[in-house]
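Peer 1: What TrEMBL records for His297, His346, His411, His590 is Fe cation binding site. Sequence annotations record features per position, and here TrEMBL assigns compositional bias 'Polar residues' to 22-33. For 57-66, the entry in TrEMBL reads compositional bias 'Basic and acidic residues'. According to TrEMBL, the region 'Disordered' annotation covers 1-75.
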Amino acid sequence: MDAFSSSFIPKMPHPTKRIHTPNLSTLAQTIPHISSVRIEDRKATIPPSTTPPTPKQGHEARRADSRSAQVSPRPVKQQAAMIRSQPVQQTLPVVVFNLLDNVINNFVDPPLRPSVDPKHVLSDNFAPVEELPPTRCEVISGSLPSCLDGVYIRNGPNPQFLPRGPYHLFDGDGMLHSIRISKGEATFCSRYVRTYKYKVEKAMGSPVIPNVFSGFNGLTASAARGSLAAFRALTGQFNPVNGIGLANTSLAHFGNRLYALGESDLPYEVRVTQDGDIETVGRQDFDGQLFMSMTAHPKMDTDTGETFAFRYGPIPPFLTYFHFNPNGKKQQDVPIFSMTSPSFLHDFAMTKTYAIFAESQICMNPMEMIKGGSPVGADLSKVPRLGILPRYAKDESRIRWFDVPGFNIVHAINAWDEGPDEIVLVAPNILSVEHTLERLELIHASIEKVRINLKTGHVSRQPVSSKNLDFAVINPSYISKRNQYVYAAIGDPMPKITGVVKLDVSMAERNAEAVVGIRSFGEGCFGGEPFFVAKDPKNTEAEEDEGYLISYVHNERTGESRFLVMDAKSPSLEVVAAVRLPARVPYGFHGLFVSKNDLNNLARVL
């Protein structure tokens, strides 16, 4: 039975009928088969020689349809005054730079490849949507379990303006889609993360800061866009010191604060109001201790309350490791100079005693950019390797590197210690690494279980499943500890997700296909990364899979999006509740569930 089966839930309304929507603009979002981006450039005037930065005090300015609330953020140091809300007259530099931008995008580096053509990348349910204030939803089947009282938030790219030139899926402004649940009732909300980039471009009325993944393909394009960005900065249109990140990848909750993350910038603190709205508090540098950027995949140890993270970049040290104490205070950096070339390190893994870094064949390659390619690509001559660093290392003197030919990972699922000398890592291995950024639909990721013997140096690998799987999660209580079950999204092909599988990783030792549960979303229906929520997180006697999987699912035939709740113990991952959402939810990246108690703690901190 699929997730949209007519035998399980009422028949969905015909796309021409009105679905429960608060206004005409949200009704338009339910129309299926969107052929191109529906966001239009909005004319606006620009303050002369003014850089619109992150505010020093007060929360983000709210739209007229939302209520206000008072918060006291901890912003990054040395940021200027708040963006002017009133329109002002355009200046000659703005007009000239916009004309030059059009010349670059139409003649120097037009979006010729499908992977960076907005008409292709932003079609159907990848097309962006407008913000939606808190809106009540209808539970159309089953009932929402009490353990889901809290909020599920999923992050993803959603450009606020139609891209003028090349655009990659990873380049969109971060938008948070949340469903606040209380006593069996649900409220949905969609809000942009008010990053510095978002606010600058909103004030300008058009894109200003070049896209990272699609704006620098080739030496000519890089020189043209780099020069234009430099002139914009020199004339005060934006200040790169304030960050150019998108905060569009994931979320993290640690130190009693909630953050929207993107690995090219610092975290942005956000909060959820009592009525289910989302507010951006500000860009955070943790009292000046966090420099430039942080991974979008930090790991929190639920036993100690500590959070472990890293940053990477194109200049030495190419990798820097650090962690936060239970109160969210950042500890000292540990630069890793033994990584001798810049690599794309999106994720990592933690055990109770070690941090594990995967240096793959996905590299930052300036030579490819000079030849006309992307600055991030595959170096097939490079041998992938794993770096093992003690969890509380003060320097890199004890790091050990192990060659693992053919093992290229973007995401890590979990890792744990087995005995005094062995480490186990579970992760999806990308078998077609050359397509990682350029042809996502050709990617095949096979989950593997890797054992590293620290005493002998021996590395062994066992397949867990041959299916094309990624965006995998576990019960969060088992992070850094031995776990049995993994819940992974089925790519058919990536980045579209056709369903979810439950894997028993202990079966890998028996050379068996480890799938022990599966849920198909149904024909024409696609979802995203699942998230596991335990029925009773405080019950230490509960079984590992005693809980629910939650995810957004979209029906491309009807244009309707839903929030699904699945029983994680059921072999069919039975759908126990479904919520019809009042607006379309585009496909995105990673999500997080924050319990009611944790939300209350966030409110007290602010």
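The backbone N, Cα and C atoms fix where each Cβ goes, and this holds for glycine too.
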Peer 1: Quick check: with His297, His346, His411, His590 left out, which same-chain residues have Cβ atoms within 8 Å of the centroid of the Fe cation site Cβ atoms?
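Peer 2: Going along the sequence, the neighbours appear as Thr249, Ser250, Thr295, Ala296, Asp347, Val410, Ala412, Phe589.
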Peer 1: For His346 (Fe cation binding site), which residues of its chain lie six or more apart in sequence with Cβ-Cβ distance below 8 Å?
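Peer 2: Non-local contacts for His346 (Fe cation binding site): Glu263, Thr295, Ala296, His297, Val410, His411.
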Peer 1: Within 10 Å of the Cβ of His411 (Fe cation binding site), how many other Cβ atoms can you find? Include all protein chains, please.
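Peer 2: The answer is 22.
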Peer 1: Using Cβ atoms only, which residues of the same chain lie under 8 Å from His590 (Fe cation binding site) while being at least 6 residues apart in sequence?
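Peer 2: For His590 (Fe cation binding site), the qualifying residues are Arg154, Asn155, Thr249, Ser250, Leu251, Ala296, His297, Phe471, Glu529.
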